[in-house]
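Chemist: The following block contains the structure, expressed as structure tokens.
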Amino acid sequence: MAAAHRLLLGGLGLALLAVAATAATAAGVRPAAAVVGKKTAVVSLRELDGWGAARQQDRPSGRRYADAKRAEMLGERKKAGEARQTATIVLELKHHSLAAIPDDPASRDAYLRRILAADEARANALQLQKSTRVSTQSSASSSAEIPLTSGIRYQTLNYVTTIGLGSGAAANLTVIVDTGSDLTWVQCKPCSSCYAQRDPLFDPAGSATYAAVRCNASACAASLKAATGVPGSCATTAGAAEKCYYALGYGDGSFSRGVLATDTLALGGAARLDGFVFGCGLSNRGLFGGAAGLMGLGRTELSLVSQTSSRYGGAFSYCLPATAAGDTSGSLSLGGDASSYRNKTPIAYTRMIADPAQPPFYFLNITGAAVGGKTVTASGLGAGNVLIDSGTVITRLTPSVYTAVRAEFARQFGGYGYREAAGFSILDTCYDLSGHDEVKVPLLTLTMEGGAEVEVDAAGMLFVVRKDGSQVCLAMAGLPYEDQTPIVGNYQQKNKRVVYDTVGARIGFADEDCSFV
């Protein structure tokens, strides 16, 4: 079994509904967990935003778990009696939010509209990528800049972790985790144009193991083109040896450009990876939320998953927390050692689908759906590739599937007596829940190819627009056209252990409490 490497993630700021917990009383009573039915959940709305107390389900064991993991952070835990040792190394992170959601209703409204507009931009760019890549492959031009979006347009869309880079005292750098990108990159000195970041810029001159990739290396041509859509370019500066330069363009006009290089990568504790290929960004622009760069977890040769496959077996998983409270973290595991998970249900697997036209992405096939236990039918179910993405927030369904899901949700939710409210941005199914202490929420169950069932957590069903509960929306949206690619976003992946096994070509799902305090 490949060694597993576990990293704790902090969710960047997003208006989340802490639907799995009740608010603490003035006397300090611990919030109660959601009451879960067979296909529905009764949840408290006393605390309307996920910025408050973390989910308290199984908190005592969670605390013991976190304490045990902290003790292992600087070393490796070895399992005795195994033919092959498995190391689990833990890195704990705090919430990496740069902005709180405004309390003023007008400011909050504008803030949330920007969040959803950014998510819509990413979803649209992902739809464009397939046609762009296909046309690029059939064109004689090899220098077209492909609009690869990375989920980094706003700091609210993604999750972050910290890596170490360089020899000696490695620089600790906070990077955005993205399954829809391949090349890992960070901002570097001397930066000709850099955006503001929290961490110091990485200084290649301070690392004895840093080296620029040569132009004749395979990483500069075929590998870089597969990862970014654009092959590297060659240049020399000030009499130095020829270097390979990369250029990443994003759909919103953001970009990262710099030297393709290698250095020592540290992923916590004693785990160090020599010769890791990454982008040393010298000119970067965009609203990256103060992160130092991006960690690419895609499928091509330059992704972190592929570069570490000999060590971690080409497998990784994550668990995204349901709350954005500053003292909570989720987790990312590199490797297939399931003993580091805390899943409450067995991992159910479905086939991982590859699309040659979109090599970085992970696809699966959704064959069925049910709302509150009631099966829905739609022509779009089982029709083809569905993208699962850590960088898109709101799940997008084809028109036929979304119409069926929305209708059944509205029938059941409206039947409980909740009043309808105006839509908000891309969310068109909203309710006025003011005056309700608790609400009963029908849960969406997705059936994957092969029979695996994934029940969306209650935290992934509702998006709170107004703090008083007068506008709470179904946290899903429809695509404009039936032939577009559906996307399972991170909002619907919360409190799930999502396992990516690239060697076995399968994706797994299990229920797990993902908030560690």
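Every residue gets a Cβ built from N, Cα and C, even glycine.
Any TrEMBL annotation is an automated prediction that lacks curation.
When I checked TrEMBL for this same protein, it listed these features:
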- Asp178: active site (ACT_SITE)
- Asp389: active site (ACT_SITE)
- 159-510: domain 'Peptidase A1' (DOMAIN)
- 1-23: signal peptide (SIGNAL)
Chemist: If you draw a 10 Å sphere on the Cβ of Asp178 (active site), how many other Cβ atoms land inside?
Modeler: 25
Chemist: What does the structure give for the C-alpha distance between Asp178 (active site) and Asp389 (active site)? Integer Å is fine.
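Modeler: For Asp178 (active site) versus Asp389 (active site), the Cα atoms are 8 Å apart.
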Chemist: Quick one: average pLDDT across the domain 'Peptidase A1' (159-510), no decimals.
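Modeler: Reported value for the domain 'Peptidase A1' (159-510) is a mean pLDDT of 90.
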